[in-house]
Amino acid sequence: MNNKLTALIFLGLLAIASCKWLNEKSIQNKIDEKIGKNFLGGMAKAVVHKLAKNEFMCVANIDMTKSCDTHCQKASGEKGYCHGTKCKCGVPLSY
């Protein structure tokens, strides 16, 4: 039960962070409070950091909000492709 509550809190913090209500540092401080400075806490903080760096909302090669494609159309006129969590203009996935 405690693991489910921790996961729910973590997902809630990620949702709030994506709305720009909180910044990465405050979420990582909450993780330290709730989970602690252990292996699981470090993993959770790494996920938060990776998602916070994600400027164009690319998740697992999927352009969730079409912001990658929109950015590339404005910048270079090419189609935008998500490579993991990175947006690349005019470079389709090769696998």
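For all residues, glycine too, the Cβ spot is worked out from N, Cα and C.
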Disulfide-linked residue for C82, taking Swiss-Prot as the record, within C58, C72:
C58
Which of C19, C89 is the other half of the disulfide bond that Swiss-Prot records for C72?
C89
What is the three-state DSSP composition of the domain 'BetaSPN-type CS-alpha/beta' (55-95), stated as helix, strand and coil residue counts?
9 helix, 12 strand, 20 coil
Pairwise CA distance, C72 (disulfide bond) versus C58 (disulfide bond), rounded so that it is a whole Å:
13
